[in-house]
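Here is what TrEMBL records for this protein:
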type	residues	note
REGION	1-30	region 'Disordered'
COMPBIAS	1-10	compositional bias 'Basic residues'
TRANSMEM	41-66	transmembrane segment
TRANSMEM	179-197	transmembrane segment
TRANSMEM	217-235	transmembrane segment
TRANSMEM	242-260	transmembrane segment
TRANSMEM	266-284	transmembrane segment
TRANSMEM	296-324	transmembrane segment
TRANSMEM	344-362	transmembrane segment
TRANSMEM	416-437	transmembrane segment
TRANSMEM	472-490	transmembrane segment
């Protein structure tokens with residue numbers, strides 16, 4: 001329906017050439033009614049078929065990743081402790097709260113245990129619901145308890161099947177977004193196929209199931225689909241209100257399930273801000289989206305017991321600043337080109353200054369320092385000075401927080417995704433520049449001509465906006481900004497690559513894109529545009545099917561098995577040989593598994609969004625630094641530690657290069673020279689003591705008076721701390 005309206009605003013000669021159907025003006029009324037009825041039936045049939053294909057692809061994707069998970073671990077055959085160990089690092093920590101709720105005597109007792117938790121951080125009582133985004137585990141555990149499925153489905157399967165089911169929602173949302181942008185469900189089919197064939201770069205759900213992003217990204221995709229629909233023109237008031245409700249619900253669920261929601265939505269708010277400044281989106285709808293972001297985040301803040309990190313987020317400060325600045329500068333979109341450019345520059349500076357001032361003010365009042373490690377990391381990452389800060393360097397040295405590897409593009413190119421994406425990105429960026437320039441320069445022209453000619457000029461402007469509709473403009477800026485994020489931080493690539501599938505498929509199936517190309521080549525006809533619009537995606541789908549179908553079948557037939565006997569032995573020993581109240585110290589990643597598998601109390605854990613926890617972790621990690629046994633013992637006992645677990649993989653680490661090994665980060669933070677050949681900063685000095693994790697194994701008296709080895713295998717060494725008076 002949209003494309004028909006867009007063609008009608010064209011020149012009379014083009015309309016006569018491209019739309020011979022306008023001759024229906026001379027047809028009998030009965031024939032017109034028949035054509036309309038046939039068109040409605042065709043639309044209903046198309047929507048029905050497209051909907052069935054969307055649901056089918058979503059379910060197939062869910063089954064696909066579930067099968068890969070089963071084949072990789074033989075999950076159905078391994079022991080319970082092995083299943084839990086497979087939830088590594090922070091995944092195990094999050095799943096432990098689901099297990100805790102399931103095993104609680106009642107729902108009320110389970111909730112009380114989360115609100116007043118004294119086992120996640122020793123000698124401290126913390127509110128898990130405030131500190132972590134685990135409402136999804138709470139909801140799922142309650143659902144499992146009240147549904148009559150306990151006899152048929154184990155809790156762990158209910159959990160992982162829910163996550164795999166969300167993948168179906170994810171794929172359907174991507175499919176619908178592409179369909180809305182292009183006007184054909186063939187585009188959605190191509191987007192879903194690209195998502196599946198590029199699985200390595202679009203999702204990691206099959207091996208990091210409880211990770212927060214696997215809960216959040218499906219809701220983010222639903223939100224983008226709803227925004228895409230909202231930005232369509234000629235929506236009825238009821239449709240617009242319902243769509244706004246859908247956007248709010250999706251935004252709320254996305255915010256509730258991931259602690260990094262505020263940073264993702266800040267990028268989204270920047271996209272809206274840019275497009276609003278360039279007159280490429282309706283201001284009223286943009287305002288509603290700002291308000292929805294703020295209200296959704298504040299509702300999450302209330303549910304998380306007024307989490308100060310949310311109140312001090314840049315997103316809230318930015319959105320409030322935009323709304324204030326818009327109120328101050330009421331004539332922002334009036335005047336000539338140079339006048340408007342000057343106003344825009346002042347507007348941007350005003351918003352930036354207000355954002356920083358409001359954010360600084362909120363953080364000063366709340367004494368907020370929870371997110372300072374993120375800004376230290378960003379400052380060091382982008383070259384604003386070297387740092388010896390342990391937390392910042394811990395992030396900088398992790399591959400996941402480095403630049404996007406170049407081999408990512410070769411994988412994406414093998415499916416033709418990156419080529420199609422680059423092609424569409426170039427065309428729409430050029431169109432966006434032209435449209436933005438025209439929007440900024442035509443306001444003064446319209447105001448200077450007679451009223452009788454304004455209608456014609458506005459009609460021509462509408463014809464130009466066909467090259468970049470509001471929903472397509474949003475999709476363009478969204479993909480550019482999240483692309484920049486992915487290029488700078490590899491872990492965030494999943495936000496970009498999934499939308500890349502949508503954007504590329506939309507472009508290949510877009511009437512506007514092919515119309516623009518053919519007009520530039522002076523080859524445009526309506527029939528030719530339709531032929532190319534459908535033939536190119538069909539050929540692409542055939543290529544993907546023939547090239548990747550055998551590989552997918554081979555992948556599904558490959559069977560492996562979980563194997564980590566050393567960790568299994570450690571967990572079984574802890575459960576059998578230590579009291580339930582024992583407190584364990586060690587690496588963040590390992591301790592998450594200790595909590596899940598044994599229920600013992602921890603000194604530290606991988607959820608790093610708390611300043612006190614970060615300082616505590618740095619102190620605990622002195623077990624891998626060059627410190628005296630007395631110092632290490634005093635630190636551990638100050639946190640109530642009964643047992644400390646040392647890992648050879650950290651003590652003798654080879655995974656990272658010199659300067660990025662954990663022991664190197666600790667040495668630099670402590671002012672000590674690093675081990676091995678290589679340069680050291682001039683002010684670093686040799687330590688007076690050997691490395692603790694190495695020297696303790698020699699059983700020297702200075703160590704045995706504080707530590708007694710009680711367990712050891714090829715990977716782990718467990719020492720019990722003496723309890724001196």
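Cβ from N, Cα, C; glycine included.
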The transmembrane segment (416-437) in contact with the transmembrane segment (266-284), cutoff 8 A, at least 3 CB pairs, sep 6+: yes
For the transmembrane segment (472-490), distant same-chain residues with Cβ under 8 A (at least six beyond the ends): 177, 181, 224, 227-228, 231, 267-268, 270-272, 274-275, 280-281, 381-382, 399-405, 425, 428-429, 432, 435, 496-497, 499-500, 502-503, 506, 510, 512
Which residues, given as numbers and ranges, are at least 6 beyond the ends of the transmembrane segment (41-66) yet have a Cβ under 8 Å from it? 160-161, 164-165, 167-172, 175-176, 179, 185, 188-189, 192-193, 195-196, 199, 203, 205-206, 552, 556
Given the transmembrane segment (179-197), which of the listed stretches 217-235, 242-260, 266-284, 296-324 has the most Cβ pairs that are under 8 Å apart from it? 217-235
